[in-house]
Amino acid sequence: MIFFSKMPVVMYLARFLMGASTGVIAVVTMIYVTEIADKEIRGALGMIIQVMNNFGCLIIYSVGPFVSYTFLNSILITIPIIYVLACLWIPESPYYHLKDGRIAAARKEFRVLKGSKNEKWIDEQFNVIRIHVQENMESKSSVKELLTNTKYRKAIYIVLGLKILQYMTGILVIQSYLEAIFTESSSISGPLASIVYGFVQIVACIGATFLTRWIGRRILMFVSCLGVSLSMTLVGLYFYLKDVVKVQPETLASLFPVPLIGIIGFNILYANGLGNLPYVMQVELFPVNVKAVASSLATMLACVFSFVVTKFYQVVKDSFGHCSVFWSFAFVGYAGLFFVYFCVPETKDKTLEEVQDNMEKRSPEERALRERNIDECDHREEAK
């Protein structure tokens, strides 16, 4: 629609469809990846989703300013076509089949995903998942269940806090006004700044996929919060000297690397924690019966935060100055240090079932008793 039409109404409709479909992909892809991944690589695979997202941004940053509107869209139209073809052979998540009671189909998909011929090991691992899903599906799958049942309250608070940190520390403002910020603070051209920013972003994301294999989620997010806050403080300090103190032009010229260092530092440290891990954790922290609902609401909340921050950036900048904007982002990050330290649990090297047990503070003895009761019910059903 965007490729063949220049009518504003048609382009509005196309943009709406694009936003809706991207929202679906953002929710479903992360759920699917966390459900099929082994615990050792779940965080890294979740990061790869953001790597590809940033790769798409880099394509636009580096190609968009130098080619025609038609040529750019002809490049982009090939990506969803390839995606559709790739989806034809992707196996279904075992959790999806188990939610609807299709145990045989779930076991078949589980065997394919694990790639093991050890039937004993397959049965042991599959039964753990089956019992966990069966237990969770005893509760309803609805927004009302999510918001009214107190056992999900802790996960809701944690995800809400992570979303505030993810979107209220300035990422959308940096991306949306990158060229304008660099134009005001340095001699670097807008398109070049965007290309450098996009390249650093994707390199940082790739590095983050390896870091998640060795470093816990909490440590990464704590360091990310600290780094983002310091970077925004640095950028705010530059604009304070420029707009409020009004230092001499010669002095200001010598400080032109400061905003560049701040924004690039923000880019790297944001990508290594706050930019990626909240997506992974919003799926890890909720049980299977409300996981889709919770992830959908978290994505909608992210859109609201994105709109608010982007919309009011210019208003706050015009009213209170550039430095106030960046120092506000820094303040959110500094507050996030306490939130991450005291509230966010560690999920590295834990299965989804172990994460849920920790969230509900369930002891191993309680878990074993619950599993025996479910097994006994299953045997009685089979006998009947």
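Cβ atoms here come from the backbone N, Cα and C positions, even for glycine.
The shown structure was predicted, so the numbers you read here are calculated from the model rather than taken from an experiment.
Annotated domain 'Major facilitator superfamily (MFS) profile' per TrEMBL: 1-348, in sequence order. Residues or ranges marked as region 'Disordered' by TrEMBL: 355-384. Residues or ranges marked as transmembrane segment by TrEMBL: 12-33, 45-63, 69-90, 155-178, 190-212, 219-240, 252-271, 292-313, 325-344.
In this chain, the transmembrane segment (325-344) touches the transmembrane segment (219-240); three or more CB pairs sit within less than 8 A of each other, excluding pairs fewer than 6 residues apart. A Cβ distance under 8 Å defines the sequence-distant neighbours of the transmembrane segment (190-212), meaning residues of its chain 6+ beyond its ends; these are 43-44, 46-48, 50-51, 54-55, 57-58, 60-62, 65-66, 174, 178-180, 182-183, 220, 263-264, 267-269, 271-273, 275-277, 348.
Sequence-distant contacts of the transmembrane segment (252-271) (same chain, at least 6 residues past either end, Cβ-Cβ under 8 Å): 50, 54, 169-171, 174, 178, 181-182, 185-188, 196-197, 200-201, 204-205, 207-208, 223-224, 226-228, 230-232, 234-235, 237-239, 241-242. Within the chain, the transmembrane segment (292-313) has long-range Cβ neighbours (under 8 A, six or more residues past its boundaries) at 23, 26-28, 30-31, 141-143, 145-146, 152, 155-156, 159-160, 163-164, 166-168, 170, 172-173, 176-177, 282-283, 286, 325. Per-residue pLDDT, averaged over the domain 'Major facilitator superfamily (MFS) profile' (1-348), rounds to 85.
Note on the transmembrane segment (12-33): residues 1-2, 5, 42, 45-46, 49, 93, 279-280, 282-283, 291-292, 295-296, 299-300, 303 of its chain, located 6 or more positions outside it, place their CB under 8 angstroms from a CB of the stretch.
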